[in-house]
């Protein structure tokens, strides 16, 4: 509710929050109180002057005061007001709204005696009431924020005191930059701090960042390099270094700086060393850090931008019409002024009408007319709908409530429903014309399953794994069923007590329980400590993803990897085949080339609720930790490993000298046809005795035979939990584990991998070069434990890896063999992509120590740089990632989500043009497009894949010419069109699809080709942009939106989709497995793509229709009622006199006629949800804005003028010649106007419920009750008028009832006849669909069938006509490529048949070659 209140005042709050440093206030989002936001929705602030952080110690006192003492403390203040400034500041903010200023001007104007229209005090009442209500609401909200701020600021943490020389309890608000802070497990980090110590022996700290980015997976942060090898906790008194870093900014993914020791030695700092405010320490007993940013300068607080404000298309249209109403008001007031001047001129000589001023002066008619103009402004002010904007906001809140209450949006597996984060653009959901969708995680499940691989040029189909996936169904475990039976989700169960950070044994089944989803209660000290904490389950760890079935051929080859084979000391004449060593390196790369965190599956992750923070002393956690230290068993130590240090003992030189990983062995191909292409390589002569071999086996921990090891998974593998940042990494690690190459542990210094036949090997981790969208790859630099060589393992997109391969390999193969491997792998990659698999290439590089030292020196300079660090690091990575040796490729399957094809088809029928923007390769994207029905088998597909900008322009011209011929439109006629063809125009042209690659898209986005590109895409129903970067995605959305002037809707699930989500009219985030960045940046968040169809086709249609008609109704009722006052001016000399008491005039719009349109705007349903989903083409009415066109607005005003004429002159002629007074004449006018206005809404309503009727009758009764009470009790409220008994007298007069009935009938007759004729003679598609809802089920089904059949026949006929026209023309340069692509992509059934045949052929000799040639 707080967010709703914040949004209502967001547009004027921005102008008054620019305060400095600790006292500045920013809009606050209480959804994430401690973290204050998610992924930054604003452009990162440029770092200006660098920040120098000096330790808060006695020895640095003077320097500290000069630097760190000038920074803000950790106190936060999100309140806006104080007791002294509340009234003036709140009024200042409220008067930033133009409507409030307008009515304030009218109040002041009414205090001018010459233009006064009503009693002065009365005119102030409406504005005062509105301002008071909003002020009370703002005050209560601000007081609530004050209490929460106070609670947070008074939280306790451990801060090192330079006076007491120890850590003491200190409030968060007193923490300053330079303080040393000690945190325990499960504590929330109070400020941004650099990690200096961790109790973990490897210098690792685990944190949970769900408050920042929504990701529940644990993240690793590491101690600053040089502080890892500490035997004891860091002593602040011995800390003699200083920190220099960038100025505070809101970029959560970046931290640049360095730590400079007393000897001027520098150590680079990155985000891996930074603990952010709002995160929680997990699985680490204690950490120590130094504060670098505090309070409002922390990254979390800088990301707290509050709710974003967007204006909908309908709101912009309404604002334009408000200006037309202002113009109409001015015209009516000018008419009144001129009329009064003319009237006075006619009676200038008659003193009865020309009364002089008290001083005897006579005012000229011209000046009097000027005064009357302003009097008329006050009198007719209601023409500007003051209650319109308030009513719109109330209606939108009601619409949001019903959207969020729709059970069809509930995802039972994720226990989540739709989130409406933008509250003012619901109606735009009904007018979307372009949809931009990510692929992975949006259209697909984002459950990456290892499907196939290619190693050393040989394809491995994994047939058994394919069969498992086809028949796989995730079964609910007995434990989960029991949980559901006992009380639903864990969030609804009693919270377990907080536990220590040591490992707790898992349950009897050995399966991890669901992760805790709620906050725990405060740590108690009562009994019942026997509660077992629920264990957590990592993401990307469902059985479908983890249970990989190995390929038997590949497993047989990998089983040849024995200690004797590696060392060449088996006493035989054979040497190890090169292919086996390729396989070994391939799986090593899969296991270690990632950032996967390895942990036990049953480690508890307790959460601390805000309600318990204030009363939870730190010593409670310490007591619980001590209990578990006494009760738990020490972590079992790993077996003896061959780390870089250990393996050098003994006689390593002799051992390593005899190992030749790439020492000219020969390939041993399994297929005859492929083996003929590879030359044999001379053997290496190696010999040794058995005794030496056994010693070496013991040195590397090889204690089991390969046959025994391969018979089952390693004993410890089932106890490991992999937490990956992306599902691809997890899938590759699980695939390596399936081949008994198990990632056992990872620290900042080393990675341990367990081989079935070799035991555990420890790789010294030298560097990790993370993935980025520029390089499209990641690498790890390790020192091999056996060869002692520096090896670079790289994985990434095939488009970039293939360009980085070395011509002359250093592994004993000649260039011809490398070329054969490369060509085979490329054929396999193309085949994988055509099957819709996600592809990656794996490569390696061996470096000498000299080469590595030279690269390291340059890389160190990049790491310690603050300015341009990202660019320098990319350049350094590119210097390393070259001259690679290709090891193989992987194909990972990511299945479509349930209901995606049906949703895509429905959105197509709704006239929405859909673009797929993906980073995958072309073949994969096209295959998924066919699978999800974005493309149909008979669609004409055009491919844009060029290497130059000129070629791109020529190809686009050729494709455009072909499309124009297919549409039977000459190029001259097409080029003469001012506007591009819209989606609805393309229905009769035959469907066309366009595929464009990332590099070609870069050319197309150039200014010289933008218009041509947009014109081409406007002719296509579907566009696929593959290999697109996040920046290109946002540029495409902006280009289409700005040039076509259409409403755009991007949808995505990952951080790479945030940019395009933010630049569009409506952004949709999918809450998937890649964190919550997209959700936090979106306007609406859903859990599955199929929910989008109902959100747009049903709720979008309803919201647009309701709000459009409600806005038109407000204009109608205000114009109709104000014109009664205007027509009366013709009979009172345009004097600005009202025939209605001002109290009635005020409440007529604010009370008697305001509630029914609000109910209409919330509950109106022109067509049922079932019909809207079955007939998606009804959505096109919203795209064409049929409910609210400019013509509709002016027709509504003309109808209002007509009804006001009838409402005025029927009573006028009825009472003409009678002796009734002015207010007695005005009473039947008001009563008839009330009936006309309320019944007008009844005629416009498509679905009347008991709520509609109750509100309508209630409005009428409240009017009569008020009129009777006012006439009896408020006789002298508005002197000199006397309303005593007016309504009572009229209710006793039959003529009054006759006048009201006759007036209402005559006024509404044209509107009623128009609606009758519209529904019977020329019904719109929406009205026809409305009739279907009234039919019995059998007749309704038959009617819908006829509707769809007619639409299908028309569509097929138009398609056949366009295809015949296309066949008569000459083919374009792109058509041959299209035919090739279409021939390679078939329907779903044919594709499954072909895949089965390929799988069978893959296991037979010679089949791989045949498959590769056919694919090429």
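Going from the start of the chain as shown, residues are counted 1 onward.
Here the Cβ of each residue, glycine as well, is placed from N, Cα and C on the backbone.
Since we're looking at a predicted model, the values are computed, not measured.
Summarised as a single figure, the pLDDT of the topological domain 'Cytoplasmic' (1-97) averages 61. Positions annotated as topological domain 'Cytoplasmic' by Swiss-Prot, on the basis of sequence analysis: 1-97 (among others).
If you look at the transmembrane segment (98-118), the same-chain residues 6 or more away from its ends with a CB under 8 A from one of its CBs are 124, 126-127, 130-131, 371-372, 374-375, 377-379, 381, 384, 386, 389, 1136, 1138, 1142. If you look up Swiss-Prot, you'll see 98-118 (among others) marked as transmembrane segment.
Look at Swiss-Prot and you will find 121-141 (among others) tagged as transmembrane segment, backed by sequence analysis.
The topological domain 'Cytoplasmic' feature in Swiss-Prot is assigned to 142-321 (among others); the stated evidence is sequence analysis.
Annotated transmembrane segment per Swiss-Prot: 322-342 (among others), in sequence order.
Positions annotated as topological domain 'Exoplasmic loop' by Swiss-Prot, on the basis of sequence analysis: 343-365 (among others).
Residues or ranges marked as transmembrane segment in Swiss-Prot: 366-386 (among others).
What Swiss-Prot records for 387-1110 (among others) is topological domain 'Cytoplasmic', and it gives sequence analysis as the kind of evidence.
Sequence-distant contacts of residue 438 (active site, 4-aspartylphosphate intermediate), defined as residues of its own chain at least six apart whose C-beta falls under 8 angstroms from its C-beta, comprise 916, 917, 918, 1033, 1050, 1051, 1052, 1053, 1054, 1056, 1057. Annotation source Swiss-Prot lists active site, 4-aspartylphosphate intermediate at 438.
Per Swiss-Prot, ATP binding site is recorded for 438-440, 729, 771, 795, 838, 918-920, 993-1000, 1027, 1033, 1056-1057, 1361-1368.
Among the features that Swiss-Prot reports, Mg(2+) binding site is placed at 438, 440, 1053, 1057. According to DSSP, residue 1057 (Mg(2+) binding site) is assigned to a helical segment.
Residues or ranges marked as region 'Disordered' in Swiss-Prot: 498-544 (among others).
For 514-523 (among others), the entry in Swiss-Prot reads compositional bias 'Polar residues'.
Annotated region 'Disordered' per Swiss-Prot: 971-990 (among others), in sequence order.
Look at Swiss-Prot and you will find 976-987 (among others) tagged as compositional bias 'Polar residues'.
Residues or ranges marked as transmembrane segment by Swiss-Prot: 1111-1131 (among others). Sequence-distant contacts of the transmembrane segment (1111-1131), counting only residues of its own chain at least 6 positions beyond either end whose CB sits under 8 Å from a CB of the stretch, comprise 314, 318, 321, 325, 328, 332, 336, 339, 376, 379-380, 382-385, 387-388, 391-392, 1137-1140, 1148-1149, 1153, 1157, 1160, 1188, 1192-1193, 1196-1197, 1199-1201, 1203-1205, 1207-1209, 1212, 1229, 1233, 1236-1237, 1240-1241, 1244.
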Exercise for the section: Report the DSSP secondary-structure composition of the topological domain 'Cytoplasmic' (1243-1252) as helix, strand and coil residue counts. Expected result: 5 helix, 0 strand, 5 coil
Practice task
Starting from the Cβ of residue 919 (ATP binding site), draw a 10 Å sphere and report how many other Cβ atoms land inside it.
Solution key: 24
Exercise for the section: For residue 440 (Mg(2+) binding site), write down the residues of its own chain that are at least 6 apart in sequence and whose Cβ falls under 8 Å from its Cβ; none is a fine answer. Expected result: 446, 838, 894, 918, 919, 920, 1053, 1054
Exercise for the section: Could you break down the residues of the topological domain 'Exoplasmic loop' (1132-1142) into DSSP helix, strand and coil, giving a count for each? Expected result: 1 helix, 0 strand, 10 coil
Handout entry: Close approaches to the topological domain 'Cytoplasmic' (1243-1252) from elsewhere in its chain (Cβ under 8 angstroms; 6 or more beyond its ends)
Key = 1109, 1113, 1156, 1159-1160, 1163-1167, 1308, 1311-1312, 1315, 1330
Handout entry: Residues near residue 771 (ATP binding site) in space but at least six apart in sequence (CB under 8 A)
Key = 777, 778, 796
Practice task
For residue 999 (ATP binding site), just give me the three-state DSSP call.
Solution key: helix
Practice task
Please indicate, using numbers and ranges, the residues of the same chain that are 6 or more beyond the topological domain 'Cytoplasmic' (1164-1192) and have a C-beta under 8 Å from a C-beta there.
Solution key: 313-314, 317, 430-433, 906-907, 909-912, 983-984, 1093-1094, 1096-1098, 1100-1102, 1104-1106, 1108-1109, 1111-1112, 1245-1247, 1324-1326, 1329-1330, 1332-1333, 1344, 1347-1348, 1351
Problem - Secondary structure tally of the topological domain 'Cytoplasmic' (1164-1192) (DSSP, helix then strand then coil) - result: 17 helix, 0 strand, 12 coil
Handout entry: DSSP-derived helix, strand and coil totals, residue by residue, for the topological domain 'Exoplasmic loop' (1214-1221)
Key = 2 helix, 0 strand, 6 coil
Completion exercise
Around the Cβ of residue 999 (ATP binding site), other Cβ atoms found within 10 Å total 15
Fill in the blank from the handout: Per the Cβ filter (under 8 Å) with a sequence gap of at least 6 from its ends, the topological domain 'Exoplasmic loop' (1132-1142) is approached by 117-119, 122-123, 335-337, 339-340, 343-344, 353, 372, 375-376, 378-379, 1124-1125, 1222-1223, 1225-1226, 1229-1230, 1270, 1278, 1281, 1283
